[in-house]
Amino acid sequence: MALNRKHRRATGAKARHAPAMRPAAIRDDPDGIATLCNALLASGRTGEAAMRLARAVDIHPRHAALRNNLGNALASLGRAAEALPHFIAALRLRPDVPEIHNNLGNAFAALGRHKEAVSSFRAGLALRPDLAALHNNLGSALKSLGDHAGAEASFRAALALAPRQPSISFNLAALLIARDRPAEAAALLGEILKIKPNHVETLNNLGVALKNLGQYDAAEAHFKRALALAPAHADTHNNLGTLWHARGVLGKARACYKRALALRPDMARTWCNLGTTEAAFGDLDAARAALRRAIAIDPLVAGYHRNLVDLTRLSEGDADHQALRQLAAQIDTLPDADRIEAHFALAKSQVDCNRPAEAMAHYRAGNALKRAQLVYDEAATLQELAAIPARFPARWVRAGGGDPSALPIFIVGMPRSGTTLVEQILASLPGVHGGEEMDAFERVLEQFPPPETLDAAGLHALGAAYLARLRALAPGATRVTNKVPLNFRHLGLIHRVLPGARIVHLIRDPLDTCFSCFTKLFTGALDFTYDLGELGRYYRAYERVMAHWREALPAGIMLDLRYEALVRDFVPEAQRLIAHCGLQWDAKCQGFHLTDRTVRTASLAQVRSPLFTSSIGRSAAFAAALAPLRAALGEGNPGAKPLDPVLNG
């Protein structure tokens, strides 16, 4: 129960000089005891307040203020389970007090009982809809349940009532980061720093938002400022690690994660981050061990299981399989984000156990949940792809200019078509740096007007800006690869501004490609991969774009390389690839899986293994479930002919 400022000063003085209470005083003045103990709580003497309140409650079990204050004292001591019955008892006595509903909700939340917390906060709001703390706490509970839209509405309601309350802005910003809206989050966090410039948590979260915006230098500055203020802030060490990971500096990322874990060994997400980093280095045993630590700490975070099963072949009854089964038993209670991860993990486990029907059921469920979260405008996407040939006709593509450097190699195609394998082969050669799925070309494009409006000088500057990024990334390299598959959209522009660049286009069976996409939970803008029909239609649109580039690009610029031919007849196909890139064959290419480099894509486990052909025809076992995909691809339609004999021959 709230005290006014004058009363707090007076009772604070009482608290500092509080004598031992006689039983008669406790018996005769319960209101005074409640006030005095409230002051003890306010002055930080929580343990003493709890002892005094417990004695008072024994004498006055039906005094609501005593019950409520004892609950607050116990909750402040981290004893939420003991606090809970006192809040419930207080509410039975005074169901009309919204603050008690709030306190009960906080106790439920501390115990992980978020649905009950939501009910308590809503009961309080029914009594006092103008209480910002209730809206704020409701937002936190809804966020924990995965209801991000509801949480945002609650935080905004709280902010409307208390616009100068930094904690509310902080909570809303954290939610916006989780909702992949970092620009809005950064704006809120920047305002908080004007009020509290040395608030470590705000500096840390602003670093995360800036990292997600691709503003890596600014993000690093905020993380380092936070660590200068609080060198033992484990969460900031973890987040600085994710920044180094995003930059591709995995040695520094690993060091940050290990520093965070030395400070707080119970940080499950950091064990997960360390695991994915060890996997990128090729140390799969260390990766699995770290991921198992994460699962042991927090077994209901499904993403940890998914990362582990992607690196492991499960067997019926093994420890990893059993842990996943325990997660499956609670799947309906998980937030949507974890349910999605769980379905993908369970699908992979069913594939490992040779149960394709059960696997497909989980793939469908996980993809449907993921698709429901996305705002994907299929019509606009297909229209944008269809407009590419007219926007970049052959005469424009071949008009000349640009920087003739041979440094860049672009590896393109559909996701899951073999781009990682090709990059691993090339990176086995001396002087070739594997740039992975770096967003450097997209970032450069953002700095220039629409390319078709640029004059010769502007186009040359665009190419030079990209080359500058490559040279900063890999000083001394003779070639730098970029394997963002969707760069297929930009091939005409790439040739215009970088006429010396070589392009490698990976082609894989359409059914296998699309089904493989459907089995992966991607990061990044691959929103078309979570529905079989949308996948098929996107694939056909991609084919049309590639048919245009094949006509528009000069001979010798782009190599069509079939995945199936590469894995079945490796040496001649790999030699053809290497010759196309202007490089010399080296026997090291045959041991590409031993190449000492980091790999961060969904194929990282595969490229650490010798060549295999088991992925050819992978979709066949799931044929009965792929009718929507075949229909979208045009199969079974007598009027549908292959759009491109090179792709479909």
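Even glycines carry a Cβ here, placed using N, Cα and C.
Marked as region 'Disordered' by TrEMBL: 1-26.
The compositional bias 'Basic residues' feature in TrEMBL is assigned to 1-19.
The repeat 'TPR' annotation in TrEMBL covers 64-97 (among others). Residues 1, 30-31, 33-34, 37-38, 41, 46-47, 49-50, 53-54, 56-57, 103-104, 106-108, 110-111, 127 of the same chain, all 6+ positions outside the repeat 'TPR' (64-97), place their C-beta atoms under 8 angstroms from a C-beta of that stretch.
Across the repeat 'TPR' (98-131), the prediction's mean pLDDT works out to 96. Look at TrEMBL and you will find 98-131 (among others) tagged as repeat 'TPR'.
Feature annotation from TrEMBL assigns repeat 'TPR' to 132-165 (among others). Helix, strand and coil counts from DSSP across the repeat 'TPR' (132-165) read 27 helix, 0 strand, 7 coil.
According to TrEMBL, the feature repeat 'TPR' maps to 200-233 (among others).
Nonlocal intrachain contacts for the repeat 'TPR' (234-267), taken as residues 6+ away from its ends with a CB within less than 8 angstroms of a stretch CB, comprise 200, 203-204, 207-208, 211, 216, 219-220, 223-224, 226-227, 273-274, 276-278, 280-281, 297, 435-436, 438, 473, 598, 600. Residues annotated as repeat 'TPR' in TrEMBL: 234-267 (among others).
Taken from TrEMBL, the feature repeat 'TPR' applies to 268-301 (among others). Counting residues of the repeat 'TPR' (268-301) by DSSP class, helix then strand then coil, yields 28 helix, 0 strand, 6 coil.
Using DSSP to sort the residues of the repeat 'TPR' (98-131) gives these counts of helix, strand and coil: 27 helix, 0 strand, 7 coil.
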